[in-house]
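A.B. asks: Okay, handing you the structure first.
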Amino acid sequence: MWLLLVCVVVGGFYTAWNIGANDVANAVGPSVGAGALTLKQAVLIAAVFEFLGAVLLGDRVIGTIESGLVAPSGHVLSSQDYVFGMTAALLATGVWLQIASFCGWPVSTTHAIVGAVLGFGIILKEDAVIYWNSCGRVFVSWLASPIIGGYFAFLIFSFIRKAILYKKDPVSAMVRIAPFLSAIIIFALGLVLILSGAVAPVISFSPALRIVCGLSLFAFFFTIWGIRFFKLAILPQEVLPGTLLDRLLSKSTDYGRKYLIVERIFAYLQMIIACFMSFAHGSNDVANAIAPVAGIYRTLYPQSYSSKVLLVFMSLGGLGLVCGLATWGWRVIDTIGKKITELTPSRGFSVGMSSAITIAAASSLGFPISTTHVVVGSVLGIGFARGLRAINLRIIKDIVLSWFITVPAGAALSIVFFLLLRALFC
C-alpha cells in the first residue's frame, strides 16, 4: 500500500498545482486586468498569501470534502473502495483543471472535485454512499453565485460612478468617500474569513468580530491620513502600458488627470483586496487537493495520523498552489482580468468588494458557493453597467460551457481512474 500512498501524495501535489494555475486568478485577475498590479507583482503577492492561508488555516475546511459528500462508513463503503475512489477523484480533478487552465477557462475547483467524488460514488451503484441532499443544496447555491455577484458589482460600480467619477471634482469626492470604502472592504473581507470558519480554530466568533471592527476603524482613519499625504501628481510612467488608463492618459485633460488620481487611489485599495482574497483562497481551497490525501492516509495508517501529518500535507498543498500560479496562472488571469471586459482600478475594486460581500453573505447562510462563479459574475456585472457592447460574448459563451461540463467531466474522469486503479492494485 505504500506505493499507492506515494501515488496519492503526488496526485495531491499535482491537483494543488492545477488549482493554483486556475483558481488563484479569482484573487488577482481583476487587479492585473485593471493595471493595479503587474503579473509578476500579482504572482508574488498571491504566492505569499496563498501559502500562508493554506498552512495557517487550511485544516479547518479539509473535513468538509473528505466526509461531507461521500460517506466512508465501513458498512457502506469498504476501505479499499474509499482509497481508490478518493485517489481517482484527485487525479480526475487535476486532469480537468489542467485542461481548463490550458484553454484559459476559469472553472470551479469545487465543481470539479465534487463531480469527481460523485463519479466514484455512482460507479459503485450505492445511492447510500452519496449525500444527495447536500449535493442539491450545493448545486442551487452555485447557480445563484454569478447572478448575486454580478448584481452587487453592478450596484457598487453604479454608486462609484455617480458619487465619484461623474463629479466635476472627482478627487475631492474620492477624498470624502475613500475612508468609508476602505473600512467597508476590510470589514467584508474580515467577515469572509470569520464566516467561512477559517479562523475558528484560532479564535472564537465574538473576539474575531471585534478585531475585524477594530481593523475597519483603523482602515478608516489610516485612509484619511494616507490620502492627506498622497502624491497627487501622478507621472505617466507609473501607469502600466496597454491598459485603459494608459489610453486615457494619452488624451489627458485636467479632468483626465484628476480621474487618473482617483483610479490610482482605487488601485491601492485593490491591492488590499488581492492580499485578503489570496489568503482566504489559500485557507479554503487547499482542502480540495489535501482532503482526499488526508482521508486516504487516515484510512491506511489510522494510528500514525496526527496534526503534524496534516501540517505536512497542508504545506505540500500550499507549495503546489504557488507552483501552479507561477507556471500557468497567467492564462486564466488574462481571461478574468482582460478578455471578459476592460477593467480599471475602480471597476476592479467593485469586483473585489462585490465578491467579498457575496461570499460573506453566502457563508453566513451556510451556502458553499463557488468563488470562481462569484468573481466572473462580478466582472460581468461591471460589463453590464457599461452596456452589452462592453462584454466579450464569445469568451462568456466558452466560460459558461466550461461550467456546465465541469461536473460531468470530473465524474467521467473519476470513473475511468477508479476502474484503472482497481485493475492495477486488485
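Using N, Cα and C of the backbone, Cβ positions are placed for all residues, glycine too.
Sharing the features that Swiss-Prot gives for it:
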TRANSMEM  1-21  transmembrane segment
TRANSMEM  37-57  transmembrane segment
TRANSMEM  83-103  transmembrane segment
TRANSMEM  104-124  transmembrane segment
TRANSMEM  140-160  transmembrane segment
TRANSMEM  183-203  transmembrane segment
TRANSMEM  207-227  transmembrane segment
TRANSMEM  260-280  transmembrane segment
TRANSMEM  309-329  transmembrane segment
TRANSMEM  365-385  transmembrane segment
TRANSMEM  399-419  transmembrane segment
A.B. asks: Let me check one thing: do the transmembrane segment (260-280) and the transmembrane segment (140-160) come into contact, meaning three or more Cβ pairs under 8 Å with sequence separation of at least 6?
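C.D. replies: These two segments do not touch.
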A.B. asks: When you check the transmembrane segment (140-160) against the transmembrane segment (365-385), do you get at least 3 Cβ pairs under 8 Å, counting only pairs 6 or more apart in sequence?
C.D. replies: yes
A.B. asks: Under a Cβ pair cut-off of under 8 Å, which of the recorded stretches 83-103, 104-124, 207-227, 309-329 contacts the transmembrane segment (1-21) most often?
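C.D. replies: Most Cβ pairs under 8 Å with the transmembrane segment (1-21) come from 309-329.
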A.B. asks: For the transmembrane segment (309-329), what are the same-chain contacts with Cβ under 8 Å, counting residues 6+ beyond its ends?
C.D. replies: 9, 12-22, 24-25, 43, 46-47, 50-55, 58-59, 62, 101-102, 282, 285-286, 289-290, 293-294, 297
A.B. asks: Do at least three CB pairs under 8 A connect the transmembrane segment (104-124) and the transmembrane segment (365-385), leaving out pairs fewer than 6 apart in sequence?
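C.D. replies: The transmembrane segment (104-124) and the transmembrane segment (365-385): touching, yes.
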A.B. asks: Is it the case that the transmembrane segment (399-419) and the transmembrane segment (104-124) touch, counting contact as three or more CB pairs under 8 Å in which the residues of each pair are 6 or more positions apart?
C.D. replies: yes
